[in-house]
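Participant: Structure provided below as structure tokens; questions to follow.
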Amino acid sequence: MLRLPVSQSNTPTTPIIVKCPTCKKEVEWGEQSPYRPFCTKRCQLIDLGEWAEEEKSIPGAPDLSDSDGWSDDMGY
């Protein structure tokens with residue numbers, strides 16, 4: 001188990017550093033980094049755009065059901 005040094009206020013005394021998912025710049029995880037885990041609002045919006053354009057996705061089984069009403073055979 002990882003133990004970090006703790007101050008009297010029960011918060012880690014050494015900052016936790018993570019890499020921005022977009023540009024890989026190091027970001028300190030804390031209140032001073034409002035866009036964490038991103039380094040800036042720009043990197044946050046780039047990531048959002050990648051999800052919106054379906055450049056990123058969470059793997060899963062495809063939905064092959066015809067219950068959406070968009071099948072090729074419309075019945076007429």
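Every residue gets a Cβ built from N, Cα and C, even glycine.
Feature list, courtesy of Swiss-Prot:
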- Cys20, Cys23, Cys39, Cys43: Zn(2+) binding site (BINDING)
- 54-76: region 'Disordered' (REGION)
- 65-76: compositional bias 'Acidic residues' (COMPBIAS)
Participant: Can you name every residue in this chain, apart from Cys20, Cys23, Cys39, Cys43, with its Cβ inside 8 Å of the center of the Cβ atoms of the recorded Zn(2+) site?
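Facilitator: Residues close to the Zn(2+) site, other than Cys20, Cys23, Cys39, Cys43: Pro21, Thr22, Lys24, Lys25, Val27, Phe38, Thr40, Arg42.
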Participant: Relative to the Cβ position of Cys23 (Zn(2+) binding site), how many further Cβ atoms are located within 10 Å?
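Facilitator: Cys23 (Zn(2+) binding site) is surrounded by 13 other Cβ atoms within 10 Å.
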Participant: For Cys20 (Zn(2+) binding site), just count the other CB atoms lying within 10 A of its CB, please.
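Facilitator: Result for Cys20 (Zn(2+) binding site): 20 other Cβ atoms within 10 Å.
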Participant: Enumerate same-chain residues with a sequence separation of six or more from Cys39 (Zn(2+) binding site) and a Cβ-Cβ distance below 8 A; give 'none' if the list is empty.
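Facilitator: Same-chain residues close to Cys39 (Zn(2+) binding site) (Cβ under 8 Å, separated by 6 or more) are Cys20, Thr22, Cys23, Lys25, Val27, Ser33.
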Participant: Mind giving me a neighbour count for Cys43 (Zn(2+) binding site)? Other Cβ atoms within 10 Å of its Cβ, every protein chain shown.
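Facilitator: Excluding its own Cβ, Cys43 (Zn(2+) binding site) sees 19 Cβ atoms within 10 Å.
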